[in-house]
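*Asks:* Here Swiss-Prot flags 2 as Ni(2+) binding site. The Zn(2+) binding site feature in Swiss-Prot is assigned to 70, 73, 86, 89; the stated evidence is sequence analysis.
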């Protein structure tokens, strides 16, 4: 489960940016194409934050919808996978606009 190491990295990032203060909430953005399972992150969060500045902090996960733009017709549309064809023209040349995110968006500290 790579979500455990991802969650450990999230805790490290939060600790480094909290300035020694206790963290009460973490807002994490996870894109639909990131390959990260939000439920697994939630499961790992309590174990990874125990006895740290984040102990007892709330984890709020914001899902980021995957969006793409067709290189041929320039249509923008929701993606469910990397290789979805354009629904407007059927083209497979699609640029991902969003949905790959995995970032700490915000920290609440005391």
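Cβ coordinates come from backbone N, Cα and C, glycine included.
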*Asks:* What's the CA to CA span in angstrom from residue 89 (Zn(2+) binding site) over to residue 2 (Ni(2+) binding site)?
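*Replies:* Per the Cα atoms, residue 89 (Zn(2+) binding site) and residue 2 (Ni(2+) binding site) stand 37 Å apart.
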*Asks:* Let me check the 10 A CB neighbour count of residue 70 (Zn(2+) binding site). How many other CB atoms are there?
*Replies:* 20
*Asks:* Rounded to the nearest Å, what's the C-alpha distance separating residue 86 (Zn(2+) binding site) and residue 2 (Ni(2+) binding site)? Just drop the number here, would you?
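*Replies:* Residue 86 (Zn(2+) binding site) to residue 2 (Ni(2+) binding site), Cα-Cα distance: 31 Å.
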*Asks:* Using the recorded Zn(2+) site (70, 73, 86, 89) as reference, state which further residues of the same chain have their Cβ within 8 Å of the centre of those residues' Cβ atoms, listed in sequence order.
*Replies:* 71, 72, 74, 75, 87, 88, 90, 91
*Asks:* So, in DSSP terms, is the residue listed as 'Ni(2+) binding site' helix, strand, or coil?
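*Replies:* Going by the DSSP assignment, the residue listed as 'Ni(2+) binding site' falls within a helical segment, counted as helix.
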*Asks:* On a count of neighbouring CB atoms within 10 A, which of the binding-site residues 73, 86 is highest?
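*Replies:* When each Cβ's neighbours within 10 Å are tallied, 86 leads.
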*Asks:* Please report how many Å separate the Cα atom of residue 70 (Zn(2+) binding site) from that of residue 2 (Ni(2+) binding site), as a whole number.
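*Replies:* Between the Cα atoms of residue 70 (Zn(2+) binding site) and residue 2 (Ni(2+) binding site), the distance comes to 32 Å.
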*Asks:* Quick one: Cα separation, residue 2 (Ni(2+) binding site) versus residue 73 (Zn(2+) binding site), in Å?
*Replies:* 37
*Asks:* What is the Cβ neighbour count of residue 2 (Ni(2+) binding site) at a 10 Å cut-off, with all protein chains included?
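*Replies:* The answer is 10 other Cβ atoms.
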*Asks:* Is residue 70 (Zn(2+) binding site) helix, strand or coil when read with DSSP?
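*Replies:* Assignment for residue 70 (Zn(2+) binding site) reads strand.
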